[in-house]
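From Swiss-Prot, for reference:
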type	residues	note
TRANSMEM	34-54	transmembrane segment
TRANSMEM	110-130	transmembrane segment
TRANSMEM	139-159	transmembrane segment
TRANSMEM	172-192	transmembrane segment
TRANSMEM	202-222	transmembrane segment
TRANSMEM	314-334	transmembrane segment
CARBOHYD	384	N-linked glycosylation site
TRANSMEM	452-472	transmembrane segment
TRANSMEM	535-555	transmembrane segment
TRANSMEM	577-597	transmembrane segment
DOMAIN	645-861	domain 'ABC transporter 1'
CARBOHYD	647	N-linked glycosylation site
CARBOHYD	721	N-linked glycosylation site
REGION	843-889	region 'Disordered'
DOMAIN	910-1199	domain 'ABC transmembrane type-1 2'
TRANSMEM	959-979	transmembrane segment
TRANSMEM	1027-1044	transmembrane segment
TRANSMEM	1137-1157	transmembrane segment
CARBOHYD	1179	N-linked glycosylation site
COMPBIAS	1219-1228	compositional bias 'Basic and acidic residues'
REGION	1219-1296	region 'Disordered'
COMPBIAS	1259-1270	compositional bias 'Acidic residues'
DOMAIN	1287-1535	domain 'ABC transporter 2'
CARBOHYD	1486	N-linked glycosylation site
């Protein structure tokens, strides 16, 4: 290169050797120097790429070694959740790379190699054909570094292809390679242009460089089509196989969009998402968010421990959004410079055409850069928060499995999983705005000061005040959010109780009172959230303060501080306003985020406090660790001890001073069968909990030891939402089908399994028992699991399980069970009894109760021979046909919006819309005023008004938006939110409470609870803000487009095109986004169900050590949930990208038209004004953000409205009970009295007579449908086999268009119960006993026949009136849902206050629960479960006492009535059960009683015994008849001598 020359030679080649950056115009117009291009366009990107590529290669090699080690370890383990793979589990499979990818990789390597060859050739040509005087000092070094950089490309691509993690998908080209190639093409093109100008366009060097550019484009295209070559490996994520451009412009989402547009998406049809989001990978990264040693105290890092742990878990991925966010900040801050240059270009007269073309090019680069960098920023941010969501939800599930079962834990877990995790993730998505906002503020303020001087610093004061206010609000918001969520937890807990007890509630007619209790809790919830909502109003008000007040204060200070005439030219005013707008627009969002961060920190504190909870500790493990034997030290080991308890006392709570079980000593040898009995509330279940380790001993020196694998079956069976087949075998690792068959047969499940629909989700107690035995335990713990089963079935199960030839005896299983059943006790090796003092003593049942045949079961066999085994097609727990496979009703957007607007009221809707219009007008009209101001001030000599006039009105106009937004948001948050939330909650409660019993009993409880939890959370917290943001952005955007069109008239021509593009975009986008949001809600409902089910079965899961498998299955469900969550976020990111590209197109139209008019306007007479361009750019700078905010808020609004759509769909799809079964005027009584047509009197039923005439009942929902009948008198035809056995209670009715199959649970039942009579209803499981009670209450469909009470057909009585008139004690006792809302025990027992305190106390004393009530605090104590702590038997006694208190006054004074008992004393011992009959006779002497039971001793106390079989009446006998068939006694397993012994014993069993 030539040596130094004087400055006069700037037009020689020496000018190319300077850094420039611009070269002298005498050499080339509008170009950079060669030296600058070699440094910035070649050396810098090449060196950065080489450095990053080396780092990436090192990472790949290290990861490959780790993966090889992990794979070797994994292949030796067993996949515990293979049978439960779902959703995106396919992405976990290591599918080999197909031939298409192999060929693609070869093509890529060949192309890259050829590209390297061309760069080497170019280097040689540069050195040989270009003289040194025409090269800079960096020409050759830059070419060498560039050749090295391109030489790294095939190496990196090869290792990305060969050394990647197999589950990460087919990456034939890395993002780093794609990014480098794209940048290289953009930067090398100007250098090739410069070389062509310097060395000639026909030179060999330029030809090689052009070929190199073309080959780079080819290589980019090859990398982008890698996903097409991966069709054979469709299990991989298309995102991971996409190239850089595909990721930048979201082309990998096209498959999802097309599928969603053409068909219906499902969780199984979604494309696999990024493998880094798999739960197993996320759980590994986030494993340290759980404290290592929970102590129940806050961690050492305080409230930020969990937040820091989350970011530490993300590692370097937490910093991934930094680079695109900095790029976005740079492009955004370039807009004022572009606007200023454009205004000056328009206002300064003629200019070279190249300046206009440069402005057009700059517009393209700036706005396209904003679009692409925005897409990358949000894509990486959403990926991080998706990982955080997975880590938190997984952590909550893990922690739940480690905690003891305590009241309120379940509702707390469900609230955290939905509400808290949502708040955290939706807030942390904006985490990077916190650090970038100060940078943008500093730069923006500095640039503002360059235009207006020191007055520009005023904006910092406004920002400081607003930030201080937001920080203050954020701190208080976390506190108020905790108060609100505590109220939510109380409501969710009460709702869970309601849903779990829906059968009992409907039977008791307690629906209205329960609904009112839930409504009361809902009102308390809104009262608790009032301050939180007020803080939101303050937050939104402060967020808009910067945008409205900053221009006023800045310009006011500028006017006051300027001594000379202030410069109010269009360039100064609009450039300043653009800077203020760029400062204020992100601050509006930031100031809303800061309080949200306060709320998110509150949620993090709640979850962290949950993580810090003291975990369940198994004291048995410590004992076993000391001594592997369960024998006492020093004791001679004659037999192997399986279970032992030494000197231990137990209570349900650690802080209880009095022990329920005292000084328990127990030693059980292997293979023994031990039975424990005792009165209700004595602590039998507590003893089982102690053996399981769920309850720790209270005294020192105690020892609990369990030696062997344990299985536990609780009194309330733990049944998941699975079929009976899946329940039995889901935890079994035993692949021996013969063992499964033996277990199924022993538990009498064969016929049930064969008859059940494979897809039905109906389990049974027998399924839970079979699951426990299927796991081959060494010790089997049973908590009264056989009490609901009829005696005949029970005898078979006992013989096949516990008899000498039973499978448990064969396997040597130690059995420890709690029961009140003497039939079970007779097969036990040891019988123990717990008394009221908590002492455990040996026990022997009285002879009258132990008079049972031997295990060969003579009477049982007789019963089995005389009575064929009924088909199990109709079961006692029949809940109708399987849940419908059809999709929910499609709800249109119009219906959804109509439902929501109806909930807020017409007046509120009009006020809300009006407030939004006023706000948008007040917010944007000041821009128009500034345009008039600048136009008037352009010539000071001709100004019509002074500055004070213009500025004063401008100041007033900028204050009006604050007033408007304050009233607008206050109306929304303080009036609309509680009003709509209350109405929608009531709609949900009414839908559930009024649903038909057959429908609501088969709907998944978790799905229902999710509607009361997540859906209402959306309605309360997310929907109002989304509605506000959508309305504000929509109205503001309309105002901005109008201002752009008015200010630049030529832009109006593009408005129709813009509208068409937006319409097509939303039409195409919304079809997919709507489905994704529904799948998001659906998958969260599944997680809801999984967590709820797992919590209910914690004791069972921990007993059998199933935690790992349950957690693995939960992770599979979490993967299903992560897919729609992440895809919904990614399609929203794609929408932001496209909208910013639309804004880029609009900006190009504005700029192109302005440049064109400026260049050619003088000849045509048209021109663009500086003030018009200023207004246009002032709105263009924020239009992209406004449109992004609009579509983001709109899509979020669509998501939240999806919750309302689910409510509407649920309401439509849920069949509701008719108030009256048939119209009273259409009743055909066949001679019945006409009194049925009138409303029954308040005293009805007065006597309590019941009559059933030819009743056919079914669980089918269509109870009002007419049905064709046969020729046999209108009764449905019944299949009868040749031997006379009714194999199926089924009738098939054929019409001209359809064929329906109806399964009848009751068939031709005719029975009359006289007033005051007490009738026992007995029968095998599935015989129709409970169905008979349900038919009396109108809970099942009576298709034929008539049921009357006191001569009145119940078909004409409103159902609520019917259930309110009949007293019911259900099998599952229901006390109250409204725990914690102030209801006392006195109010729960006698809400009407009919009895005095002494009478209530007497009732409690007679029912045997007075001591428990006194211990809870007396009649004035809360009725909550945690306060009462009643056992299952005590709950039944409490319900009995409540019934007596509510009905006793009337019955004791001569009134009658009807009492239905559905296994109401199944959890009581025989003695207590006998006392309940005496209590009923004492307090309800005139009551007609119809009782479903299984015990003969109880049945013999009734006036008559009705035996049902196969839905028909088999026997109706009175115990006093000497001609009673022995069949009735055979049913109970008693011989005829039993009756004789009772009679000869001088005992009047009728008493």
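Every residue gets a Cβ built from N, Cα and C, even glycine.
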Select the closest residue to residue 647 (N-linked glycosylation site) from the following glycosylation sites, measuring between CA atoms: 384, 1179, 1486.
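That would be 1486, the closest of 384, 1179, 1486 to residue 647 (N-linked glycosylation site).
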Where residue 721 (N-linked glycosylation site) and residue 384 (N-linked glycosylation site) are concerned, what is their Cα separation in Å, rounded?
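On Cα coordinates alone, these residues lie 32 Å apart.
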Kindly say whether the transmembrane segment (577-597) and the transmembrane segment (139-159) touch, using the definition of 3 or more Cβ pairs under 8 Å where each pair is 6 or more positions apart.
no
Let me check one thing: do the transmembrane segment (139-159) and the transmembrane segment (34-54) come into contact, meaning three or more Cβ pairs under 8 Å with sequence separation of at least 6?
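Yes, since the transmembrane segment (139-159) and the transmembrane segment (34-54) share at least 3 Cβ pairs closer than 8 Å, they count as touching.
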Please state whether DSSP places residue 384 (N-linked glycosylation site) in a helix, a strand or coil.
helix
Which of 34-54, 202-222, 314-334, 959-979, 1027-1044 has the most Cβ pairs closer than 8 Å to the transmembrane segment (110-130)?
202-222
Sequence-remote contacts (6 or more beyond its ends) of the transmembrane segment (202-222), Cβ cut-off under 8 Å?
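For the transmembrane segment (202-222), the far contacts come to 104, 107-108, 111-112, 114-115, 118-119, 121-122, 125-126, 129-130, 153, 173, 178, 181-182, 184-185, 188-189, 191-192, 195-196, 243-245.
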Could you round the CA separation between residue 384 (N-linked glycosylation site) and residue 1179 (N-linked glycosylation site) to a whole angstrom and send it over?
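It is 32 Å, counting Cα to Cα.
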Could you say whether, by DSSP, residue 721 (N-linked glycosylation site) belongs to a helix, a strand or a coil region?
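Looking at the DSSP assignment, residue 721 (N-linked glycosylation site) belongs to neither helix nor strand, so coil.
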Reduced to three states, what secondary structure does DSSP give residue 647 (N-linked glycosylation site)?
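Looking at the DSSP assignment, residue 647 (N-linked glycosylation site) belongs to a strand.
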Pick the one among the glycosylation sites 384, 647, 721 whose Cβ has the fewest other Cβ atoms within 10 Å in this structure.
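647, out of the glycosylation sites 384, 647, 721, has the fewest neighbouring Cβ atoms within 10 Å.
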Count, for each of the glycosylation sites 1179, 1486, the other C-beta atoms lying within 10 angstroms of its own C-beta, and report the residue with the smallest count.
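Relative to the other glycosylation sites in 1179, 1486, 1486 has the fewest Cβ atoms within 10 Å.
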Would you mind listing the long-range same-chain contacts of the transmembrane segment (452-472), meaning Cβ under 8 Å and 6+ residues beyond its ends?
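Cβ under 8 Å, 6 or more out: 441, 445, 538-539, 542-543, 545-546, 549-550, 553-555, 557-558, 561-562, 572, 576, 580, 583, 587, 591-592, 594-595, 598.
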Please give the average pLDDT for the domain 'ABC transporter 2' (1287-1535) in this predicted model.
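Looking only at the domain 'ABC transporter 2' (1287-1535), pLDDT averages out to 77.
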Who are the long-range neighbours of the transmembrane segment (959-979) in its own chain, taking Cβ under 8 Å and residues 6 or more past its ends?
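Residues packing against the transmembrane segment (959-979) from afar: 526, 530, 533-534, 536-537, 540-541, 544-545, 547-549, 552, 903-905, 908, 911-912, 915-916, 918-919, 922-923, 1020, 1024, 1027-1028.
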I want to verify one value. Collapsing DSSP to three states, which class is residue 1486 (N-linked glycosylation site)?
coil
Roughly how many Å lie between the Cα atoms of residue 1486 (N-linked glycosylation site) and residue 1179 (N-linked glycosylation site), rounded to a whole value?
83
